[in-house]
Amino acid sequence: MDGNVFPDQEQLLAFLKKLKEVFDVCDEDADGYIRVEHFVDLGLQFGQGDEVKKFAKYLDPNAHGRINFKDFCHGVFAIKGCEEILKSALGTPTIAAQPYQTDNGYYYQHQEGSLGPPIIVCTRPYPECQLYSDEEGMGGRDMQESDMDSAADSGAGSESSEGGRQDDKEEGLGGFFLRGNNCGQMVSSAAASVISVEEQFEDYGEGEDVDFTPSSPIPDDDTRTNGFSDLGSSLPSSAGQTPQKIRHLYNSELLDVYCSQCCKKVNLLNDLEARLKNLKANSPNRKISSTAFGRQLFHHSNFSSSQGSTEDLFRDSIDSCDVDITEKVSYLEKKISELENDSLANGDLKSKLKQENTQLVHRVHELEEQIKDQETRAEQCLEEELKRHREAYSKMERDKSTEIELLSNRVQQLEEENAEMKVNVCRLKSQTEKLDQEKQRMTDKLEDTSLRLKDEMDLYRKMMDKLWQNRHEFQKEREAMQELIEDLRRELEHLQLFKLETEKPGRGRTAAGLSEYNAKTREIELEHEVKRLKQENHKLRDQNDDLNGQILSLSLYEAKNLFACHTKAQSLAAEIDNASRDELVDALKEQEEINFRLRQYMDKIILAILDHNPSILEIKH
């Protein structure tokens, strides 16, 4: 932005359209107003409470409780610090109306509440001056605009379409807030604000002044073209407008009056400006351009003319126009003479600078010779340093080759030792594998022996149970035999008594009784023999039990020893990876001794089984 003028009306129009979309989203009832409570509720979803309340105060300064679109736009521009842009574009009456005067005697005037375009009044009462106002209708204005279009047809034809587009943009901006006749007021106010801001002159260096070339040799056209060329050259280019665009803005409905007599003085000013340009182009130290200087004079006259009221300016304009132009011409002639004197002084300065330049050239030549001498000495020193570095480098190469040879010999020796260690490791690995296999085989044998021992223990337990049963049966048989013997003894006594009784009455049955007595005696002897045999059997059984107990105790003792050796073998197997070769050999010998003892124990068990119960070794299906 430049000042208070938005650089592009299309951008302002697009921004207002976006604000309208936001306004429609917040307008929940679609009645053209936003309730402040609803707006605060929406704002609390995206910001803090204090900031939302301050924003609502900006949008509703009068605390009406609702916000229309105009207040919404003014609040947004006020928060962004750009409220003056909206006011200037919409013709808001914030600044008092002030007249503006140009060098050719025109006054630009826009007042508050004016419904038509601003009026330009000529200060010189010539009969060629024609005044048109809004009360006379559009007839005179159409004639005047046709004259201006014919004068600027060849040089500014393309800018006329841009002026039309600008008017359309301004009408679009006004249409956001006003309807009907108010739109015309907004357009005229916006155009007047553009003119008022464009007359704020700034110096941006030299620029090109583009003059119109008339398409026909009519005197009025020439004077009009020059007059508009002066207007275009006296406006700044910093606001994004070229002189042709500004002239087209003046050719639009902002210019209602044109004075051909006033342009004669303008032609004189243009000649003086041309002389100033030539002097400035030839001057070695240019400070300010002629166009910028003319702008400063125009701004000074504009500022001085804006101090009085509109009525005083109209009253004094006729008397002061000639005096002001004469003073300006004299002032410009004085400045031209001063610039010519400055040009002469600059010529003397130029000759002096040439002499100093000659002296400096000689000094440069001397310094170049000194530099050549220094370069020669530097090359000699460089050659000496290179020679010294080559010698040092050759010595380092020799030392390096010797060290590399020693290191290669050491590496070869280490490789041989490494190969020997690899062979030893392979051999030890093979021995370790063999020992592991032997250990596994002995472990399997020990497991088999343990299983067989378990079977023998089960068999012994069964035999003991069977022996106990036999003893119990024998005891029962013995008791039954004793009872039988007692019965036989009682029967024998009874028979003896019967025999005695029978002998007493007669001796006829003596032979039969004797034979019966002998049978009884033989029976008693047999009973005694059975009793004796049973006692011997009982003794043999006791001896068998004692022998079986001894065998069992011996087997348990041997099993304990074998289990202890097996545990030791397991611990040895756990340490076999960290043991040395001698330790492995000792462990192997100890394992072989354990295996030999285990074989002897197995042989003893087999012999004992063959002696006492060979049926155990029989294979049963």
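Residue 1 is the first one shown; counting continues down the chain.
Heads up, the Cβ atoms here are built off N, Cα and C, so glycines get one too.
These features come from Swiss-Prot:
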| type | residues | note |
| --- | --- | --- |
| BINDING | Asp60, Asn62, Arg66, Asp71 | Ca(2+) 2 binding site |
| COILED | 348-556 | coiled coil |
| COMPBIAS | 151-161 | compositional bias 'Low complexity' |
| COMPBIAS | 162-172 | compositional bias 'Basic and acidic residues' |
| COMPBIAS | 225-243 | compositional bias 'Polar residues' |
| DOMAIN | 14-49 | domain 'EF-hand 1' |
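In this structure, Asn62 is the one among the binding-site residues Asp60, Asn62, Arg66, Asp71 with the smallest number of other Cβ atoms inside 10 Å of its Cβ. Secondary structure of the domain 'EF-hand 1' (14-49) per DSSP, as helix, strand and coil residue counts: 23 helix, 2 strand, 11 coil. In three-state terms derived from DSSP, Asp71 (Ca(2+) 2 binding site) belongs to a helical segment. Residues Asp60, Asn62, Arg66, Asp71 make up the record's Ca(2+) 2 site, and a Cβ search at 8 Å around their centroid adds Val36, Leu59, Pro61, Ala63, His64, Gly65, Ile67, Asn68 from the same chain.
Averaged across the coiled coil (348-556), pLDDT for the predicted model comes to 84. Under DSSP, Arg66 (Ca(2+) 2 binding site) is assigned to a strand (E or B) in the three-state scheme.
For the recorded site, Asp60 (Ca(2+) 2 binding site), the DSSP three-state label reads coil.
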